[in-house]
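Visitor: Okay, here's the structure, questions in a sec.
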């Protein structure tokens, strides 16, 4: 997270230096050149931490497509990113893990146009490989004889879990309320809990040590991810190119492979 | 003990050290929402977490004394080879990130662990996510403080007293009980206090190995961490409670135990 911030800072510096160095003629010339050969320069993308792998990959693909284009990322919790943006951090694109933090940015009048939901994440039951306790669904979280973990209600995945349990009419009997979703997943990976409620993308990222069980009731608490270009974007053309790639067939396939689902 | 005036070259660094250690606490006090203190303190779960913290830290200290003092003797006095290696090994928890310590405890005492799986099969007992797991995690992290401090006291103690006891016909166990132990009592007390304080503040190994559940495994540091996610003001108040309880306990104990040692 910290290195992300440093990168964003460097990106800002690069933009500022470029802005100072070029006169009007240069700017006009570079615009003309850019429109001829697509976007150039640096695109700065502020994105939710859960998008790290997919967006890094998509950024590389965009750089390969366009000569002279660099994509810089600042990955962090959505609320931290929204705070940075309202405090004046210069960025071209903002991708949030929920509507609440996107609203913080749109309410401040920082977004260019309407944000679009580009993907979604749902909760899933994670069980150790082989599912030793034979967990089949949410109802198993109410069983006394199983050891289960859910996120603490104080953290976002815990709030979502509470909604899902309420929708299912299940009263969970957790043995531990985890401080974040990754900690819950670690306990599944070690085989120390029989099941935990985590995000689908976490199950995919955990690989073979963990199996996922879809939860129909989770459909009531789908986490939508909106993204927008920013009104003050230093590189609007690059911003549009990145957003287009994310929303393209190619971008949606990459998101799908990581466990995200179509909006 | 002789009281002297502090030499001038020591004054400035000592004052800096005080400022460095005390200012963060002052910051905590300044930011405490005094007007909401009552509401935040009587919130459900606060008393429970505090009680659990004190009880588990005390149990961890007792276990550490019972096992750690003999270990300190072995490190300080025994002529067994490999003591240097042994000393390095038993102080590993001091440098190990506590979260890693928690995972390591899983690998041994977890229900899939080397000892834990055998225990679960033969007795049906599983340790993780219980109050016992809290005590174990705290003991793991805190015992080295006691061992190091008692070992230092043993090395500093005058061996001639023990020799005299032996000459007068005391066997080695009697010598340890009647001569060595009273001699190093201040060191044991200081080590126990350090150990207790470390156990009280333990977070990483506990939340990993014991999990977090109110009443069973949620100690004050865990409650503080989670409150920080939701309501930083409440987190400050909770930290303050932990601070007051620990400082008060340490002052009380100091008068009772260390008072004698300092006068000797």
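Heads up, residue numbers simply count up from 1 along the chain you see.
Cβ coordinates come from backbone N, Cα and C, glycine included.
Sequence annotations record features per position, and here TrEMBL assigns molybdate binding site to A:50, A:78, A:181, A:199.
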Visitor: Does residue A:50 (molybdate binding site) have same-chain partners at least 6 apart in sequence with Cβ under 8 Å from its own Cβ, and which are they?
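Guide: Correct list: A:97, A:121, A:199, A:201.
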Visitor: Should residue A:78 (molybdate binding site) be counted as helix, strand, or coil on the basis of DSSP?
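Guide: Where residue A:78 (molybdate binding site) sits, the three-state DSSP reduction gives helix.
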Visitor: Among all protein chains shown, how many Cβ atoms are found within 10 Å of the Cβ of residue A:78 (molybdate binding site), not counting that one?
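Guide: Residue A:78 (molybdate binding site) is surrounded by 26 other Cβ atoms within 10 Å.
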Visitor: Determine the Cβ neighbour count for residue A:199 (molybdate binding site): the number of other Cβ atoms within 10 Å of its Cβ.
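Guide: The Cβ of residue A:199 (molybdate binding site) has 26 Cβ neighbours within 10 Å.
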Visitor: Give me the sequence-ordered set of same-chain residues, not including A:50, A:78, A:181, A:199, with a C-beta within 8 angstroms of the centroid of the molybdate site's C-beta atoms.
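Guide: Filtered neighbour residues, in order: A:48, A:49, A:97, A:121, A:156, A:157, A:201, A:202, A:223.
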Visitor: Around residue A:181 (molybdate binding site), how many other C-beta atoms are within 10 angstroms of its C-beta?
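Guide: By my count, 25.
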